[in-house]
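**Q** Look at TrEMBL and you will find 12-444 tagged as domain 'Arabinofuranosyltransferase AftA N-terminal'. If you look up TrEMBL, you'll see 480-651 marked as domain 'Arabinofuranosyltransferase AftA C-terminal'. Residues or ranges marked as transmembrane segment in TrEMBL: 12-36, 42-63, 83-103, 169-186, 193-210, 216-233, 240-259, 265-283, 304-327, 385-405, 417-440, 461-480 (among others).
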Amino acid sequence: MPVALRGPGLAAAATLLAAAVTAVVLIGFSLVSFPAYGNSNVLRALTVVGQTAAFAMVVAGVLCARAGERPGGRAALVRVGKLAAPTGSALLVASTLGIPLAASRLYLHGVSVDQEFRTQFLGRSATSLGLPDMAYADLPSFYPSGWFWLGGRFANFAGLEGWAAYKPWSILSLAVAAALVTVLWTRLLRTDLGAVVGVVSTAVMLAYGSPEPYGAVVALFIPPMLILAWHAVNPTAPRAGRGAAVATTLFLGASASTYTLYTGLAAGTVVLMAFVATVAATARRHPRHPGGARPAPFPLWLPTARLVAIGVGSLLIALVVWAPYLLAALRGTPADSGTAMHYLPDAGARLPLPMTAGGLTGWVCLAGLVWIVARAWTSRRAQALGLGVVAVYLWSLASMAVTVLGTTMLGFRLEPVLILLLVVAGVFAVAELAGLAVRAAGRQGGADRPAAEAADRRRRATAVVGVVATLAALAHAQGIPDHLHEEIRLAYTDTDGDGERADRFPPGPESHYAEVDRVILEAFPGREKTDLVVVSTADAFLAYHPYLAYQAVTSHYANPLGRYDERNEVMLGWEDATSGDELYAMMNDTPWRRPDAVVARPSGSGYALRLAEDTYPNDPNVRRFGVTIPAEAVEGPHFEVHDVGPFAVIVVR
């Protein structure tokens, strides 16, 4: 294979092809007016066509690679196979997400619940080349900005507003990640097996992780990176595993800049791996039985040294994103430790056991668990994936245990990673069973058949296995939109940033946001949205319009430097204002910037705002409550009140 299609060259080519395939699907389907996904089966049918094409591309890639890698095979076929497989994985993402959402400008889950703050974050990232906080003025971001910063650059390149870029960026980033992880698997394994693992893990990610796209991007790479990490801290020779250590360092650094929870799990697993490797090496040198000593393949200090190098290197990479916040925290003590970990739903109070769930995914997970246990003493892949599974369960148990301290470790959010680990192991189990079946087809009564007959029967057995496996994968893929039914529904029923609903029903109050935006901007000629602080409890207004927020959506995603609780207390005090001068003084008598505008709802003799507070350990963990600004408090020269539909826009001078 030419150097250009080895390693980085292959990854670059796969990235370009993934981007091209995604662009064709997203742009092509946007040019046609389709009915809403839930109102017609047209998009469902087209989704299956796209998924079938994706699997056909992967199968073609596998066949080309197998033909080219045989003795006397053509190298060109190998190149085609190594590019077709990752392109097929990318097409699977584009078809499974892009086609069902073709008639909507919103991504899965619309702008409801957590998707509101994510859309707001991307909108803020599109307004600055720096790392601004998603809500507050003059603060660096506390939430990892990696994926959102890149999404902001995508929005700038595509000429889209942040909210409008969220859907295409989510699908594009997932498609590129699927292509790259398939490339990585084909480098770690045989090309055919790597292609299968890549597309299957992509399908699993789409079903269980796609509503949180930046987390899914990280989760996809955890299984192969754990295999590399195990080779790094438990090498077969003292000089082996250096490249694996570098790859692990790069992954942990990049993931820490994107999604800290999965990074914590991956880093914890690497620590566990180093500990197990050291214990195993010590046991080899000091066996329980005399004469059983065997030299370890590496010095006892090597796992710890590699672990330290990986940790230091990944921290240095992560500082690119984290340094601004850490420096700001050193200059001023955060008001609190934050409440991001204050969430314990029903799923967080029990251990995830996907292998008992039944269905195709459940059975593959069960096969993966059996394979991990059966091959734990002989397969390094089984050891790496098994340690990852152990780490997930240890994290989940720790998350439940620390509830006595008034917090959690969000263990329930690790279930998509657990399913990925077990499904990948399940693919290895199925591959081994298929290999046994193919070899058995070439034998009869314990003896080999004649060479020509044996080869013919093996080819037939391979074809049967391939067809059955492809149909099983397609059956799973067809069910993904049903699994994501509620997320797709909200993408059509939520009102988008243009004030329209994709299902063509009358829009909600959000249809007035454009007028609210116009009123605010006209009140401050010459000033940009990114320089205006707005108090808004109107759902998703700040997700669609990147003003600075006076208060974050909830405390769970608020910057600890932003003093969320103190801001709530100040806003509660506005209820007691009896004049415009008194309210204006209250707004100015704070260590943070006063609001330039307030978007409220007229309510009786005042203007109502809706606030939120953390109620952990209760479930739900957020309580909404109202604050009413008296009408007399916005009279006078400091305030102007404009009625816009169901809203009142209070301009503060």
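Just so it is clear, glycine is given a Cβ too, placed from its N, Cα and C backbone atoms.
No curator has checked TrEMBL annotations; they are predicted automatically.
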**Q** Out of 169-186, 216-233, 240-259, 385-405, what stretch is closest in contact terms to the transmembrane segment (304-327), meaning most Cβ pairs under 8 angstroms?
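**A** Comparing 169-186, 216-233, 240-259, 385-405: 240-259 has the most Cβ pairs near the transmembrane segment (304-327).
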**Q** Within the same chain, where does the transmembrane segment (265-283) have neighbours whose Cβ lies under 8 angstroms from its own Cβ atoms, ignoring anything closer than 6 residues to its ends? I mean 6 or more beyond.
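**A** Same-chain contacts beyond the ends: 222, 225-226, 229-230, 233-234, 248, 251-252, 255, 296-298, 300, 303-304, 306-307, 310-311, 314, 384, 387-388, 390-392, 394-395, 414, 417.
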**Q** I'd like to know if the transmembrane segment (193-210) touches the transmembrane segment (417-440) in this structure, counting it as a touch only when three or more C-beta pairs sit under 8 Å and are separated by 6 or more positions.
**A** yes
**Q** Kindly say whether the transmembrane segment (169-186) and the transmembrane segment (240-259) touch, using the definition of 3 or more Cβ pairs under 8 Å where each pair is 6 or more positions apart.
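**A** No, these stretches are not in contact.
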**Q** Should anything in the same chain at least six residues away from the transmembrane segment (461-480) have a Cβ under 8 Å from its Cβ atoms, list it; otherwise answer none.
**A** 48, 51-52, 54-55, 59, 62, 92, 96, 196, 199-200, 203, 206-207, 360-361, 430, 434, 437-438, 440-441
**Q** Using a Cβ cut-off under 8 Å, which residues of the same chain at least 6 positions beyond either end of the transmembrane segment (193-210) come close to it?
**A** 54-55, 58, 61-62, 65, 81, 85-86, 88-89, 92-93, 96-97, 108, 170, 174, 178, 181-187, 216, 219-220, 223, 361, 415-416, 419-420, 423-424, 427-428, 431, 469, 473, 476-477, 479-480, 483-484
**Q** Give the nonlocal contacts of the transmembrane segment (83-103) in its own chain as ranges (CB under 8 Å, at least six residues past its ends).
**A** 5, 10, 13-14, 17-18, 21-22, 24-26, 29-30, 32-37, 43-44, 46-47, 49-51, 53-58, 60-62, 64-65, 167, 170-171, 174-176, 178-183, 186, 191, 194-195, 198-199, 202-203, 206, 210, 477, 480-481, 484, 488, 491-492, 502
**Q** In this predicted model, what is the average pLDDT of the domain 'Arabinofuranosyltransferase AftA C-terminal' (480-651)?
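**A** The answer is 94, the mean pLDDT of the model over that range.
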